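According to Swiss-Prot, the protein carries these features:
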- Glu108: active site, proton acceptor (ACT_SITE)
- Cys362: active site, S-methylcysteine intermediate (ACT_SITE)
- Cys128, Cys132, Cys135: [4Fe-4S] cluster binding site (BINDING)
- Gly183, Glu184, Ser217, Ser240, Leu241, His242, Asn319: S-adenosyl-L-methionine binding site (BINDING)
- Cys121-Cys362: disulfide bond (DISULFID)
- 114-351: domain 'Radical SAM core' (DOMAIN)
Amino acid sequence: MAVSLPLVFTAPRRGMPPKHLADLDSTERREAVKELGLPGFRADQLARQYYARLEADPEKMTDLPAAVREQVGAALFPTLLTAVKHLACDGGDTRKTLWKANDGTLLESVLMRYPDRATLCISSQAGCGMACPFCATGQGGLQRNLSTAEIVDQVRAAAAALRDGDVHGGPGRLSNVVFMGMGEPLANYKRVVAAVRRITSPAPDGLGLSQRSVTVSTVGLAPAIRKLADEDLSVTLAVSLHTPDDELRDTLVPVNNRWSVAEVLDAARYYADKSGRRVSIEYALIRDVNDQPWRADMLGKKLRKALGPLVHVNLIPLNPTPGSEWDASPKPVEKEFVRRVLAQGVSCTVRDTRGQEIAAACGQLAAEN
């Protein structure tokens with residue numbers, strides 16, 4: 001088993017990146033523009049360039065006077081993320097991007113194209129403090145929180161790449177965003193919620209994706225799940241449960257020592273009731289660890305009792321990580337697990353695994369240069 005790491009809820013005190021337009025709400029944008037000595041209407045103009053035209057370089061904003069572009073760039077459009085490299089697999093349909101922030105911090109995002117949609121998996125932190133032993137990100141520890149703009153800019157860059165046909169499959173449109181990359185989103189709560197609002201608000205306030213096409217994942221920070229429910233968003237909540245019993249979950253998902261399975265499912269039910277959305281339960285199936293028939297039965301019973309019809313189980317065949325002695329359950333075991341969960345009246349499917357050979361799959365992101 002991997003070395004046990006401490007839980008880290010508060011990010012190390014490292015300098016955050018300079019303010020960016022995407023950090024600001026509409027009122028703050030207008031104030032920032034006026035501080036530059038520009039008329040107020042420029043605020044919406046700049047926001048439309050960024051959110052609607054997906055343009056992050058003021059030098060290319062032709063409706064902005066050339067004389068002020070450099071000033072605007074320095075004040076509102078600092079370069080936050082630089083692509084270090086792209087890796088592709090699955091016939092080019094999966095592309096992982098390694099980003100370097102302006103302080104040298106590394107993070108990753110993964111773009112996945114399907115026949116009917118394009119999904120971007122984004123990071124909310126550099127590293128992760130939740131210390132799950134089967135996850136490469138968790139084993140690397142937490143470096144720092146990402147800013148709202150660093151989160152949003154991952155999405156803008158992917159949307160622009162799809163629009164411009166820079167990825168395999170020709171021009172397309174970004175349809176889904178999942179906060180399932182590096183980090184525990186609810187441990188960077190304020191910035192993640194602000195990013196969700198930027199991603200889903202229509203221009204000039206955001207990128208205009210449907211809230212229902214955005215998924216926010218968590219290992220189970222129960223109070224933060226309840227807080228998210230009270231934001232009155234309709235994003236999908238995904239809970240990384242991985243086992244239905246506290247004894248094993250205390251090890252697999254160390255945050256369980258703080259909030260038990262029952263507390264997490266109770267918070268998830270509150271979210272489902274408030275949002276009207278079905279909660280997704282993520283379950284990485286690990287050979288001889290959490291794949292026993294009795295655990296499938298227990299999972300189905302607990303979920304049916306806690307969430308009724310407002311739940312769906314995503315089984316994830318464990319993706320290999322360096323140094324781990326664990327591997328995925330055999331297909332017959334996986335099939336029987338699904339059958340048993342379904343027999344309890346709970347929806348359950350096996351997730352299509354993408355990006356394994358480029359370490360872009362669930363639990364593999366380690367931001368290695």
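Cβ atoms are placed via backbone N, Cα and C, with glycine included.
Worth saying up front: this structure is predicted, and the values here are computed from it rather than measured.
The Cβ of Cys121 (disulfide bond) has 28 neighbouring Cβ atoms from other residues within 10 Å, across all protein chains displayed. Taking the Cα atom of each, Glu184 (S-adenosyl-L-methionine binding site) and Cys135 ([4Fe-4S] cluster binding site) are about 12 angstrom apart. Leu241 (S-adenosyl-L-methionine binding site) carries neither a helix nor a strand DSSP state and counts as coil.
Of all the binding-site residues in the list Cys128, Cys132, Cys135, the shortest Cα-Cα distance to Gly183 (S-adenosyl-L-methionine binding site) is found for Cys128. Cα-Cα distances to Cys121 (disulfide bond) place none of the binding-site residues Cys128, Cys135, Ser217, His242 within 10 Å. Here the C-alpha separation of Ser217 (S-adenosyl-L-methionine binding site) and Glu108 (active site, proton acceptor) works out to 16 Å.
The Cβ of Glu108 (active site, proton acceptor) has 25 neighbouring Cβ atoms from other residues within 10 Å, across all protein chains displayed.
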